[in-house]
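Note sheet for the following structure.
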Amino acid sequence: MSQPIKIAISGGAGQIAYSLLFRLASGELFGPNQLIELQVLEVPNALSALEGVKMEIEDCAFPLLSSIKICSDPYQAFEDIDYALLIGAKSRGPGMERRDLLQENSKIFVNQGQALNAVAKSSAKIFVVGNPCNTNCLIALNNAPSLKRENFYAMTRLDQNRATFFLSQKSQVSTKDVSCVTIWGNHSATQVPDFVNAKISQKPVETIIPDRQWLEKDFIESVQKRGAAIIQARGKSSAASAASALLDAMRDRILPTPTGQWFSTALLSDGNPYGIEEGLIFSFPCRVKKNGELSIVSGLKWDAFLEEKIKLTEQELKEEREMVSSILKI
């Protein structure tokens, strides 16, 4: 057995973490020969619930789980970690504006960024799920200068999975036959699911689904509003699907990308090939090489419709950045 991989998870008593922790501990992500150490973070008043989750995980007797520790101090949770999965964040309450939510969560991600900076491995990879995840990720990044800026990601993999499902459903094929699905921009209602560059059975989407009106309206809006639809139907936000997408996002980053494919993740826009303003956490199509290096896929074409939508999501991210500019170290 190799040395254990240390993974920190914030929001450990929440529903996403509950759907995630057992799968991580089982070895699903890193395989049957890799030990795992889980370091789970929660706010003090949720530690009792988290203790119950810890007991359940212990009762599974996972052979690959080297240890599980729980705490309310990010400086303990993030010590010497290889990965941080930042799930915990304040949710939007009644009457709360997006600006209010950003301000509330900025405090959390300033603190967590500083803790990562102080005690995490400099090579640690950070995945932000807590919303608004793009700008929360930017805040954490700007408070962790000792970590590599290119190793901070906000999750748009759930949006990619949703888009993949809707395209497969419409074309009546398996989801495995849908590829090269890109989510551009923000993980919000302005996100842009790209049907122009996606493929179904290795063919351009529009040759299989020649209904431009459905693609421009029904498809895009269904992806953009899927989270809200789940809340309306279930009374709670996405949890198991978000956990599954987070595992997908980590797998995307860890393993080489198959030839001719790519995945979506939001990362720092500096030096991107599409003219998106720098200093944003923006979702792009990406690939990982055999040596583990991640790069943005270049050369994808935007038609006028796609370009207009992408400019809107870029503008929203610029506005979010401005809302928290007073606490960003830029």
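Glycine is treated like the rest: Cβ placed from N, Cα and C.
Note that the coordinates shown come from a computational prediction; the quantities given were computed from them, not determined experimentally.
The feature NAD(+) binding site is assigned by Swiss-Prot to Gly11, Gly12, Ala13, Gly14, Gln15, Ile16, Ala17, Asn105, Gln112, Val129, Gly130, Asn131. Within the same chain, residues at least six positions away from Gly130 (NAD(+) binding site) with a Cβ under 8 Å of its Cβ are Ser10, Gly11, Leu86, Ile87, Gly88, Ala89, Asn105, Ile108, Phe109, Asn136.
The substrate binding site annotation in Swiss-Prot covers Arg92, Arg98, Asn131, Arg162. Its Cβ taken as reference, Arg98 (substrate binding site) is surrounded by 15 other Cβ atoms within 10 Å in the chains shown. In the three-state DSSP classification, Arg98 (substrate binding site) falls within a helix.
When other Cβ atoms within 10 Å of the Cβ of His187 (active site, proton acceptor) are tallied across all protein chains shown, the result is 27. DSSP assigns His187 (active site, proton acceptor) to coil in the three-state reduction, placing it in neither a helix nor a strand. Residues annotated as active site, proton acceptor in Swiss-Prot: His187.
Annotation for Ala17 (NAD(+) binding site): same-chain Cβ neighbours under 8 Å, separated by at least 6 residues, are Ile9, Gly11, Val40, Val53, Ile87, Ala243. Residues within less than 8 Å, Cβ to Cβ, of Gln15 (NAD(+) binding site) and separated from it by at least 6 positions along the same chain comprise Lys236, Ser237, Ala239. The binding-site residues under consideration are Gln112, Asn131. Their Cβ neighbour counts within 10 Å are lowest for Asn131. Looking only at the recorded positions Arg98, Asn131, Arg162, His187, the one with its C-alpha closest to Ala13 (NAD(+) binding site) is Asn131. Taking a C-beta cut-off of under 8 angstroms and a sequence separation of 6 or more, Arg162 (substrate binding site) has the following same-chain neighbours: Pro193, Ser222, Val223, Arg226.
When the recorded positions Arg98, Asn131, His187 are ranked by how far their Cα is from the Cα of Gln112 (NAD(+) binding site), Asn131 comes first. Cα separation, Asn131 (substrate binding site) to His187 (active site, proton acceptor), rounded: 8 Å.
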